[in-house]
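J.: Annotations per TrEMBL:
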- Asp36, Ala37, Asp38, Tyr39, Asp40, Ser85, Leu86, Glu118, Arg141, Glu178, Lys298, Lys322: NAD(+) binding site (BINDING)
- Lys120: active site, N6-AMP-lysine intermediate (ACT_SITE)
- Cys416, Cys419, Cys440: Zn(2+) binding site (BINDING)
- 598-668: domain 'BRCT' (DOMAIN)
Amino acid sequence: MSQPDTKIRDEVAELRAALDDANYRYYVLDEPQLTDADYDLKLRRLQEIEAEYPTLVTPDSPTQRVGAAPADGFPEVMHDVPMLSLNNAFDEEELADFVRRVADRLEVTPESLSFCCEPKLDGAAVSLVFEHGELTRGVTRGDGRTGEGITSNLKTLKSIPLRLRGKEWPERLEVRGEVTMRHADFEAMNDKAREEGTKVFANPRNAAAGSLRQLDPRITDKRPLEFSAYQLVQGTVSVADIDTPTHSEQMALLRDWGFRVSAELDVVQGAKGIIDYCRRLGEKRDGLGYDIDGAVIKVDDLRLQRELGFVARAPRWAIAFKFPAQEQVTTLEDVEFQVGRTGAITPVARLAPVSVAGVTVSNATLHNQDEIARLGVMIGDRVSIRRAGDVIPQVVRVIEEERPADAREIVFPECCPVCDSQIERLEGEAVARCSGGLYCPAQRKEALKHFASRRALDIEGLGVKLIDALVELDWVKSPADLFTLSAEALAGLPRMGEKSAANLVAALEKAKQTTLARFIYALGIREVGEATANNLARHFGTLDALMAAEQADLEAVDDVGPIVAAHLHTFFRQPHNRETIEALIAQGLTWQEEAVIERPQPLAGETWVLTGTLENLTRDEGKARLQALGAKVAGSVSKKTACLVAGEAAGSKLTKATDLGVPVIDEDEFLTRLAAWERGESMGAESDADHQEETQ
C-alpha cells in the first residue's frame with residue numbers, strides 16, 4: 001500500500017474544508033455557494049483518495065457520515081443532565097404570571113428582566129456530545145433521564161458538524177436541539193413514497209422521529225432531516241469554562257461552531273416584550289415552512305437561571321407558550337361509543353374526512369355526556385375540529401347556523417356496547433363506565449394484568465406480553481381461565497419453553513392460596529385500592545357478607561364513602577361479576593376467613609396528612625396503618641387536620657400546616673406513636689404540641 005505524500009494530504013485537507021464550509025453555509029447560514037454538482041464532485045474526489053489511502057480516513061471526514069453497518073438495536077444511554085420538560089402557558093395572562101413569579105423570586109421588577117425567545121420546534125429532541133471538538137455521542141430524549149444511542153444516524157445529518165468549527169470550544173461539550181423536517185421536503189418525500197408504494201408519513205414530526213430510529217443509517221441519510229440547536233447544557237464537564245453570561249450569547253457561539261440556530265431568536269424585556277414576540281411569531285407561523293407549536297421563553301441571564309433553579313421536573317426560568325391548535329370545519333356524520341381499558345365509555349364522532357394541521361382527521365373525541373350537552377352537538381351538524389395539543393382531534397364548537405333540518409340527537413347507551421352490562425355514572429362524575437369489570441372483553445387485558453399483579457394474586461411469570469398473547473389467542477376470557485392452562489399448551493407459545501411453562505403453572509397453583517383482602521383487591525373494583533380492600537376484609541370477615549352488603553352497610557367501613565360504596569354495590573349486583581367470582585372459587589381459590597375483631601380506634605374522627613419521603617415505610621403503608629387506627633387520611637392540609645407527618649423534602653403542606661398551627665411530627669415520632677397505639681397504649685394530643693415545640 002502506497003503512502004500519501006504531502007500534496008495528497010494537502011488536497012484532502014482542502015477538500016474537507018471546502019465540504020465542511022459548504023455544509024455550514026447551506027444548512028446554518030442559508031447562503032449556499034457550491035452548486036450541488038460541485039459539491040458532489042468534491043465529495044467523490046475525497047472518497048477516491050480515501051479509498052486509495054485508508055490511513056487518511058478520520059471519523060470527522062465528510063465521507064464518514066454514512067458508514068456504520070445496520071444495528072441490531074439501540075443502546076440505552078443515561079443523560080449526564082436530565083432532559084427536563086417545560087411548564088406550559090396557554091394564554092397571555094399565563095405568560096405575564098410567569099414573568100411575575102420570576103421577578104418575585106429574584107426580588108426585581110418584571111420590566112428589568114431580559115428573556116430569550118425562540119420558536120418551539122415540533123420535531124424530535126436529541127442530545128449531542130462533542131469531545132475535543134469531535135462528535136462522539138448522539139442520544140434521543142427518551143423519558144428525559146434515559147434515551148437511545150443513535151450516534152450513527154445523527155452523523156448522517158449534514159446540519160450537524162462532525163467536527164466543531166473554530167478552536168475556542170471546551171474539551172467536552174453537550175448541545176441539545178430538535179431534529180425536524182421542512183414542509184416542502186416532507187411533501188416531496190411522501191410523493192416519492194407514494195410512487196414507490198412505500199410508507200407515507202402522517203406529518204413531519206412523525207417522519208423525523210421515525211427516520212432517527214432506523215436501524216440502518218443509510219435509510220436515515222436519505223431522509224431530509226435538519227438539526228437546530230437550542231441549548232448549550234450547563235452542568236456538563238468543562239462547559240463552565242465558557243465565558244458567556246447569557247443564553248443568547250451561547251446561541252451565537254453555537255452558530256459560530258457550526259450549528260443552525262433559529263433565525264427567529266430574539267431577546268426582549270419583560271412581559272410585554274414576550275407577548276409581542278409571541279404575537280409576531282404566531283402571525284409568521286404558517287409561512288415559516290416548518291412546524292412549530294409555540295415559543296420557548298427563557299430568562300437570558302445564566303446567573304439568574306442558576307439562582308432560580310428547578311421545581312419538580314421543570315426549570316423555573318423557562319416556559320413554553322403553546323399556540324392555539326389549528327381548526328377546520330367538517331360534518332359530524334355519526335357517533336359511536338367505545339369502551340376503554342378501564343371501562344370508560346367514550347363517545348367518538350365519525351366525521352367527513354378533513355385535513356387539520358397536516359393530518360387527515362375522520363374521528364374526534366366528544367369526551368363524555370356532559371361535553372355533548374355543553375356543545376349542544378347533534379348528528380349531522382357542521383362542527384369545528386381542533387387537534388388538541390396538535391395531537392388528539394376534538395370537536396370544539398357547533399356551527400349552529402348550518403344545522404340541517406334532519407339533525408338527530410345523540411343518545412347515550414344504558415348498557416355497555418361490548419358486553420351489555422349496566423353502564424353506571426355516579427353523581428358528580430363526568431365519565432360513564434361499564435360495570436362489567438372482569439367480564440367485559442374490552443377491559444379484559446387490563447383486568448387480567450391487575451388480577452395477576454404483585455399486590456393482588458402475585459402470579460409470578462404472568463407478564464404483560466404473555467397476558468396479551470393469551471387474550472389474543474382467546475385462551476383466556478376471564479381470570480378463572482388462567483387456572484385451566486396446561487404446561488403442555490403454554491410450552492408451545494413463543495419464548496416460553498417447557499421450564500417457563502411449568503414454572504407458570506406452579507405459580508398459578510400457588511396463587512390459589514390467598515387472602516380475602518388480596519382477592520377483593522384483585523377483582524379490580526373501581527377505586528378499591530389495597531388499603532380499602534383490607535378494611536373491607538376486616539369489617540365483613542367473609543366474601544358472602546361483603547357481596548350481600550347494602551350501600552349503607554358499605555359506607556360504615558373505614559375509608560369507604562358514598563362513591564366507593566356505590567361502585568362496590570353495583571359491581572356485586574352484576575350477574576356477570578358474580579359468575580366470574582363463582583368460577584374462580586370453583587377453580588380452587590381459597591383463603592382463611594377474616595375474624596371480625598373490634599379493634600381500638602384511638603384516631604377515630606381525626607384527619608391526618610402525610611407529606612414528603614418516608615424512609616422506613618411507604619406512604620401507602622403509613623396510610624393503611626393510620627386507617628386501621630380509625631383515622632381518615634387526606635391529601636391536603638386544613639384547619640381540621642389533626643396532625644401532619646412530615647418526611648424528607650416536605651414542601652408546601654408543611655408550610656401551610658405551620659401557618660395554620662397544625663401539629664407536625666417527623667417520621668421517627670410517627671413510627672413511635674403507631675407502635676404505641678397498635679399495642680393499645682394511649683398518646684394524647686399534648687404529645688403533638690410538645691413535639692411541635694421541640695422541632696421549631
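Residue numbers in this text run from 1 along the chain shown.
Just so you know, glycine gets a Cβ as well, placed from its N, Cα and C.
TrEMBL entries are annotated by machine, without manual review.
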J.: Per 10 Å Cβ neighbour count, which of the binding-site residues Leu86, Cys419, Cys440 ranks highest?
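T.: Answer returned by the neighbour count: Cys440.
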J.: In Å, rounded, how far does the Cα of Arg141 (NAD(+) binding site) sit from the Cα of Cys416 (Zn(2+) binding site)?
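T.: Here the two Cα atoms are 40 Å apart.
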J.: Measuring Cα to Cα, how many Å separate Asp40 (NAD(+) binding site) from the residue listed as 'active site, N6-AMP-lysine intermediate'?
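T.: The residue listed as 'active site, N6-AMP-lysine intermediate' has its Cα 34 Å from the Cα of Asp40 (NAD(+) binding site).
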J.: Cα-Cα separation of Lys298 (NAD(+) binding site) and Lys120 (active site, N6-AMP-lysine intermediate), in Å?
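T.: It is 12 Å, counting Cα to Cα.
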J.: Which of the recorded positions Asp38, Leu86, Lys120 has its Cα nearest to the Cα of Cys440 (Zn(2+) binding site)?
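T.: Of all the candidates listed, Leu86 is nearest in space.
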J.: So how many other Cβ atoms are close to Lys298 (NAD(+) binding site), meaning within 10 Å of its Cβ?
T.: 23
J.: Quick one: pull the CA-CA distance for Asp38 (NAD(+) binding site) versus Lys120 (active site, N6-AMP-lysine intermediate), whole Å only.
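T.: Distance (Cα to Cα, whole Å): 35 Å.
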J.: Including all protein chains shown, what's the count of other C-beta atoms within 10 A of the C-beta of Arg141 (NAD(+) binding site)?
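T.: Summing over all protein chains shown, Arg141 (NAD(+) binding site) has 20 other Cβ atoms within 10 Å.
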J.: Of the binding-site residues Leu86, Cys416, Cys419, which one has its Cα closest to the Cα of the residue listed as 'active site, N6-AMP-lysine intermediate'?
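T.: Out of the listed candidates, the nearest Cα belongs to Leu86.
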